[in-house]
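Let me begin by presenting the structure, written as C-alpha cells, before commenting on it.
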Amino acid sequence: MTTLHGQTDAKTLPFTQEARQPFRLAALKRGWLHVVMVPLALLWLSPLVWILVTSLKTRTEVFDPAAGFLPQVLQWANYPGALSVAPFGIYLVNSVLVTGGILIAQLVTITLAAYAFARQTFPGKNLLFTLFLLQIMFPIYATFLTNFVTVRELGLLNSLPAMIVPFVASGYGTFMLRQSFRQVPTELADAARLDGCGHLGILWHVYLPLVKPTLIAFGIITVVTHWNDYMWPLLVNNSENVRTLPIGLGLLAKSDSGADWTRLMAATVVVVSPLLLLFVIFQRRFVDSFMHAGLK
Amino acid sequence: MVISTALSARIREAGLAYLLLLPSLAFLAAFTYWPILRSIWFSFHDVVLGDSKIIWLGLENYQRLLEDRLFWKAFGNTAFYTVITIPLAITCALLLAVALDSKLRGMAIYRSAFFYPVMIPSVAAGMVWVFLYSASYGPINKGLSLIGIPDTAWLYDSKWALPAIMVMSVWKYSGYFMLILLAALKLVPSDLYEAARLDGISAWNRLIHITLPLISPTLYFVIIIGLLHSYQIFDYVYVMTHGGPADATNVLTFYIYQNGFQYQDVGYASTLANVLLLFVGGLIAVIATVFGRRVHYLGR
C-alpha cells in the first residue's frame, strides 16, 4: 500500500486514460451495464430518499398502508417541530467545537511527528514509528473501557475535551504526512537552510505549502470520522450542554417511544445535511481524499 | 574537536526530533497504550466502576469467561459478522469498481450514489434502517410482499436481526472500499489487458488473473480497513437492537459495554476487551501471513 502510488503516479503512466480500457466492452454491452447499475444505484440511494420523503409526511401517512409513496401535502412543519424537541443549536456548536478541536490538534501533532520521522535521524526511530503505526490497529472501540476510566480520573467527564483527547495523536495521519514529506526534494530544504532557516522555519515555509493536498485529504477524512462519531461521545457525556449532533439524534430516537418517524427523519435530515452538502459541493476533493487515503 | 562538534550536532538533532514527537507520544501513551496495559492489569482483578479499590483475582475472570455462555454467543456473533460482512462488502465493492472503471457514462453520479452512506453518521444510518426494516409499514417489507415474502419484523427476529445489520453494513461501507479499489484499478497498465484480450482471454479470467493480482496490495489494505471498521457494529447494535432479541445481536464490543457500564464490572469487561483485541489482532496476523506474502507489488 505504501509503494503503489509513489511509484506509478497517474501522470507518469505512459498511456492516456482514453487508451486504457480494461474490459473494453462494446457499446451494446456497456448499455447492459447501465441496466444493472441504474437499479443498483437507486437501491443504494433509496434510504436517503425515504429519509427525505418521510420527513415531509404526516404521522398517519407513515403508518397507513393505503397512503402513497409521496406525501399529500408537504409537511414542512416537521422540521421546526423536530428542532424544538431538543436544543439542536447547542449540539451543532458542540459538534463544530469537538470536530474542529480534533482537526487542529491532529494537524499540529502529525506535522511535527511526520517531519521528525521523514527528515531526522535519531535513536529508536523505527521502534517509535512502529508504535505510531500500531495505533491504527487500536481504535477507540477496542480501548473505550479503560480510556473511560482514565478520562473519568482526569475529571473530564461531561466536558468537550473528553471527546477530543483520545484522538489528538494520529498514527495514520503521521504516516500519510511522512510519505508526503519524503517526496519533497531535499534541495529545497537545503536552500532554505543556507538562507538561515531553522528546522521549524523549513517545516513551515518549505514543507507544509508543498503537502497541502495531503493535509486537505487527511482533514476531510478526520472531519467525516469525528463529525459522525457516536460511541465515545455517548459514553463520556451525559449533560445537555456538551452533547453533539449524533448524540442528540440518538436521544431523540430513544425518547420518541411512539416512533414519530416524521420528526425523527426531519432531525436526521438536519444532522446529515451539513456533510452531504459539503460532499456535493466539493465532490472531487472528497472523492480524491478517500480514494488515495490508502495508497499514499 | 571536529568529532565532538559533529557529535553535539547529532545530539541536538535527536533532541529536537524527540521534542517534535513529544506531543504525539504523550497522547499515544495516555490514550492508546496505557489503556491496553491497564486493561490487561484489570483483567486479573475485581474492579468496580467508580471504586478505587481493586482486588486480585488471578485468572478467575478468564475462567469465568470460558464458562460464560453469553460470551461465547457474543464472540460467535462477532466472528460471524466479521467473516461474512467484510468479504461480502469487498466483493460488492470490487464489482462496482470494475464496472465503474470501464469508463461508464455518468461515472460521477454512480460514484456518489454508492459512496454517500460513508458520510452518514452511524446513529442516523441505524435509525433509518430500523424504519426501513419495520414490520407492516416498513418499505422493505412492502417491497418483499410484492414477491410473496411474508411480513417479517426483521430486527425482532432472532434469526434475522444480525443478518439485517450485516446487510446495512454492506450498504454503508461498500462505497468506501469501492473508491479505494477504483484508485488502484486506474493504475493497472492497459497493455496487459490488451495483450490478454488479443490472446482471447475472457473478461472473467482477465479479472481473476490480471486485475486481482495487480491490485492485491490495495485489496489487502481494504481488508484491514474493513476489519477495523467492523468494530463500528457497536453503534448499530446500540441504536437498532440493543443486543436483542435474546442476545441474537450481542457482539463483543456491546458485551464489554454491558459489563463495564451497566453492571460496572470493569475487571470482567477488561478481560473481554483483551479477548476482542486478541481476536482482531489474530485475524490481522492470519490475513498478513496468508495474504501479505502473495501481495504483488507493481514493479517490485
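Each position is counted from 1, following the chain as shown.
Placement of Cβ uses the backbone N, Cα and C atoms for every residue, glycine included.
According to TrEMBL, the domain 'ABC transmembrane type-1' annotation covers A:92-282.
For A:32-53 (among others), the entry in TrEMBL reads transmembrane segment.
According to TrEMBL, the transmembrane segment annotation covers A:88-115 (among others). For the transmembrane segment (A:88-115), the list of distant contacts is 132, 160-161, 163-164, 167-170, 173-178, 180-181, 199, 203, 207-208, 215, 218-219, 222-223, 226-227, 233, 240-248, 267, 270: same-chain residues at least six beyond its ends, Cβ to Cβ under 8 Å.
Counting residues 6+ beyond its ends, the transmembrane segment (A:127-149) has Cβ neighbours under 8 Å at 113, 117, 166-167, 169-172, 174-175, 231-232, 235-236 in the same chain. Residues or ranges marked as transmembrane segment in TrEMBL: A:127-149 (among others).
Taken from TrEMBL, the feature transmembrane segment covers A:155-175 (among others).
If one looks beyond the transmembrane segment (A:202-227) by at least 6 residues along the same chain, the residues whose Cβ comes under 8 Å of a Cβ in the stretch are 95, 98-99, 102-103, 106-107, 110-112, 115, 167, 170, 173, 176-177, 179-181, 184, 188-189, 192-193, 245, 274-275, 285-286, 288-290, 292-293, 296. What TrEMBL lists as transmembrane segment is A:202-227 (among others).
Sequence-distant contacts of the transmembrane segment (A:261-282), counting only residues of its own chain at least 6 positions beyond either end whose CB sits under 8 Å from a CB of the stretch, comprise 50-52, 54-59, 62, 75, 78-79, 81-83, 85, 88, 223-224, 227-228, 245-246, 248-249, 252-253. The transmembrane segment annotation in TrEMBL covers A:261-282 (among others).
Sequence-distant neighbours of the transmembrane segment (A:155-175) (same chain, 6+ residues past either end, Cβ-Cβ under 8 Å): 94, 97-98, 101-102, 105-106, 109-110, 113-114, 117, 131-136, 140, 143, 147, 218, 222, 226, 229, 232-233, 236-239, 242, 244. Below 8 angstroms of C-beta separation, residues 25, 69-71, 265, 268-269, 272 of the same chain, each at least six residues beyond the ends of the transmembrane segment (A:32-53), sit close to that stretch.
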